[in-house]
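Annotated in Swiss-Prot:
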- 1-22: signal peptide (SIGNAL)
- Asn88: N-linked glycosylation site (CARBOHYD)
- Asn216: N-linked glycosylation site (CARBOHYD)
- Cys242: site 'Conserved cysteine within steroid binding domain' (SITE)
- Gln246, Asp278, Trp384: cortisol binding site (BINDING)
- Asn252: N-linked glycosylation site (CARBOHYD)
- Asn319: N-linked glycosylation site (CARBOHYD)
- Asn352: N-linked glycosylation site (CARBOHYD)
Amino acid sequence: MSLALYTCLLWLCTSGLWTAQASTNESSNSHRGLAPTNVDFAFNLYQRLVALNPDKNTLISPVSISMALAMVSLGSAQTQSLQSLGFNLTETSEAEIHQSFQYLNYLLKQSDTGLEMNMGNAMFLLQKLKLKDSFLADVKQYYESEALAIDFEDWTKASQQINQHVKDKTQGKIEHVFSDLDSPASFILVNYIFLRGIWELPFSPENTREEDFYVNETSTVKVPMMVQSGSIGYFRDSVFPCQLIQMDYVGNGTAFFILPDQGQMDTVIAALSRDTIDRWGKLMTPRQVNLYIPKFSISDTYDLKDMLEDLNIKDLLTNQSDFSGNTKDVPLTLTMVHKAMLQLDEGNVLPNSTNGAPLHLRSEPLDIKFNKPFILLLFDKFTWSSLMMSQVVNPA
């Protein structure tokens, strides 16, 4: 299937609602009602976060955030979280939306065999609060989540419990969520995701070398730089000045590495949209390249209240929220935290796999070095969910 066709699926499910039956016209039409009217939800969210901290690494998982917002809407008297994701509740029922997220979660876990991905939501509430049984049953059924009672008055102990729970759920990959709470809360939702993949064409660890990464005009850091040569999907964009390549993971994961021209990061980020991805997909062609990509691990933590205040759902995270469908104790003050972690390395070498193409090719390859700030977009090709979006400013 071509990247252009995949882009059509992205148009239908930027917020992550697509099913295995999407290949048929009938099923496709049935899911158009679930597709958000704002198909650029993921890009808008990403662009906002980069604008807040343009000189820092940015990492989010749009599909994980979408699931968290949909889960919180269960039983809530307000529907702005679903509407902000683009759902028309006059055409699609809330039950259908939650069933689709349930199926999406299943598809991601079943289809991404080449990705080590731990994604989920954990709820923590005051010991004296009582959530309704119907709400607890729904979050477990649709989102495989649970609610744990802790003592927020002893915040040191409470934060340790939260961190340990997420550490256990991610098999030790995410060890720390947060230590401070900016404002009092009676209900904390932690949305987390860890991702690491196996490249379809893995890098050879023997070729990894220490090289310079130019953070800005005055700052340079040393990073382990992975190297391989071969035929890779490539495009040089003169309209939105950048170079980009696409690399697949084993299974259904795929990654777009986007290298803006000097001083053009803001221009390229502002141009990210469904139409831009569609255009790139049509113009990308295989090219012999010498590819240099830094090996790194980055993580980011966000207060969703700060992230979502421009998406018309900030009332969900304030004292004005009505969670009468969720708890017998209202009003309820909600804090939502998003924690994302990405590990990018050579990838485990599978039996019978090759460690990239030889470093010396007959034709003269193009050198592409990601040795300055770049953009990284990770998708699931089967559902075309936005797994990760990142601006990598300093991989050291």
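Quick reminder: no glycine exception, Cβ is built from N, Cα and C everywhere.
Here the features listed in Swiss-Prot are painted onto the structure.
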residue : record                                                  : Cβ neighbours (10 Å)
Asn216  : N-linked glycosylation site                             : 11
Cys242  : site 'Conserved cysteine within steroid binding domain' : 22
Gln246  : cortisol binding site                                   : 19
Asn252  : N-linked glycosylation site                             : 22
Asp278  : cortisol binding site                                   : 17
Trp384  : cortisol binding site                                   : 23
For the cortisol site made of Gln246, Asp278, Trp384, how many Å separate the two farthest Cα atoms?
14
Nearest of the recorded positions (Asn216, Cys242, Asn252) to Trp384 (cortisol binding site), judged by Cα-Cα distance:
Asn252
Which one is it, among the recorded positions Cys242, Asn252, Asp278, that lies nearest to Asn216 (N-linked glycosylation site) by Cα separation?
Cys242
In which DSSP state, out of helix, strand and coil, do we find Asn252 (N-linked glycosylation site)?
coil
